[in-house]
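Here TrEMBL flags 1-28 as signal peptide. The annotation transmembrane segment is assigned in TrEMBL to 223-245, 289-313, 325-348, 360-384, 390-412, 447-469, 481-507, 519-539, 551-573.
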Amino acid sequence: PKIMGSSRWKVVAAVFFALVCSLSPVDADEHDHTYTDKEEVVLWMNTVGPYHNRQETYKYFSLPFCAGSQKTISHYHETLGEALQGVELEFSGLQIKFKEEVMQSTYCEIELDKAKRDAFVYAIKNHYWYQMYIDDLPIWGIVGEADENGEEHFLWTYKKLEIGFNGNRIVDVNLTSEGKVRLVPNTRIAMSYSVKWKKSDVKFEDRFDKYLDPSFFQHRIHWFSIFNSFMMVIFLVGLVSMILMRTLRKDYARYSKEEEMDDMDRDLGDEYGWKQVHGDVFRPSSHPLIFSSLIGSGCQIFSVSLIVIIVAMVEDLYTERGSMLSTAIFVYAATSPVNGYFGGSLYAKQGGRRWIKQMFIGAFMIPAMVCGTAFFINFIAIYYHASRAIPFGTMVAVCCICFFVILPLNLVGTILGRNLSGQPNFPCRVNAVPRPIPEKKWFMEPAVIVCLGGILPFGSIFIEMYFIFTSFWAYKIYYVYGFMMLVLVILCIVTVCVTIVCTYFLLNAEDYRWQWTSFLSAASTAVYVYMYSFYYYFFKTKMYGLFQTSFYFGYMAVFSTALGIMCGAVGYMGTSAFVRKIYTNVKID
């Protein structure tokens, strides 16, 4: 089975540790991935859990396994990403030295009483697998197996390790489980291991290639979905351009003709269309504080997505544990001024006065949603004694990042946004009295437009959603970030095109409530993504149990909400530019 890896983006503690190591007399270790002959190589035991529930993991020694005789090891550290992802590395106690072979030898014995036997039987019935690491390379093994009738249960007791090396680096690790022993109460089970070293031609830079699955991610259907989405984009952009240019040209011609009429003819004329709401189209949206905070947060999420994908394309983030999460947290904190700038400037343009409150809501909207969900799931993880339970110290670290990094940077962005682009420089004056909104056909109502607006954007990404879901919820490493970048570009173009069309029809019906409509019609993509997650859970996975179910639907809700806020912000920004453009080109008396 494949296993997701992680990152070189270290938190401060890890950097400090690396500096200390650089000053110490030790020549090499797993942090710089170079070894001298007969130097100690550490086998780390990580987690154990049911194969079908990838996120339901427990400490390896929560099962009654025994450890080797060696007790001390000094150079392990944990990054923030590892702590949040439930990585629980514990020393195996096995003595392994670089290029020194070990014949099969017993390293400990298990006194198998009834309680320990029941624990192993439960693990075998639920297809428990365990994960280990050597030099940051993941290894997976199965706890045991049952006979055909499911009456007798057997434990694998012999770990046969084969380690490949190239020069002074480890480039390959394989585990073979042997020594099947029947579980009988009140017996002693000897646990053994052996280590064989072999020379390998695999380059150190390519050592993670065997964990990748090109046949899955570069399948024809993946290429076809990208091509199909591009065709849809070209068609949609062409259609939007043709409809809007032809329609707007007629509108401009009609309005120009009206300009040439005298006042009496104009008063008697039957005026209609988007020009008639010019005095209300730039009226502040309802609930401007929440609206501007959502737009600011959406712009930040888009920035984070773009930067993280670019970094992932340049760096192989899957080669170290916790990489993607550590990178995302770092980039999110660093891009906080984007949130403050766009949210603060929009709030100022809409005449908002409580800018400090808006700044706090904008800064903590996404972190509060993520932390609230994590806090809820954490209670379940603690109840299950799962390794996914986030330690208190890690919670404090995340809160410190929110208060001492995200909030100050958001304040800087808000001040810049208010001062540089906070003036309401609209091309049309806003009438003192709102214009009454005429009745229109049911399909032109904002609620209907919102529901239909997310279908095409979802259609452009739902194949990619399958690959992303499979990499996170199953044992695949997602590495085709070029595909993800293309899908992000396609999603943005389709979203902007759809919201522009929706807004044009809404304004033509003389309904000037376009701000929330454009945002929500784009954000409704998230509803379809969340609905798809239900289909994926019930028809594409074999997940079960309260912990895995709450973890899945909790974090899928967070993912879908963040995606919706990002799409909504992209849709609104594109539509805002369109609305400003068409009203700038019309002479308003």
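Glycine too: its Cβ is placed from the backbone N, Cα and C atoms.
TrEMBL entries are annotated by machine, without manual review.
Between the transmembrane segment (325-348) and the stretches 289-313, 360-384, 390-412, 519-539, the greatest number of Cβ pairs separated by less than 8 Å involves 289-313.
Between the transmembrane segment (360-384) and the transmembrane segment (481-507) there are fewer than 3 Cβ pairs closer than 8 Å, counting only residues 6 or more apart in sequence, so the two stretches are not in contact.
Among the listed stretches 223-245, 481-507, 519-539, 551-573, the one sharing the most Cβ pairs under 8 Å with the transmembrane segment (289-313) is 551-573. For the transmembrane segment (481-507), the list of distant contacts is 217, 222, 226, 229-230, 232-233, 236-237, 240, 243-244, 247, 274, 277, 281, 302, 305-306, 309-310, 312-313, 444, 446, 449, 452-453, 456-457, 460-461, 464, 467-468, 513-514, 517-518, 521-522, 525, 567, 570-572, 574-575, 578-579: same-chain residues at least six beyond its ends, Cβ to Cβ under 8 Å.
Packing against the transmembrane segment (519-539) from elsewhere in the chain are residues 291, 294-295, 446, 449-455, 457-458, 461-462, 465-466, 469, 473, 491, 495, 498-499, 502, 549, 552-553, 556-557, 559-561, 563-565, 567-572: each is 6 or more residues past its ends and has a CB under 8 Å from a CB in it.
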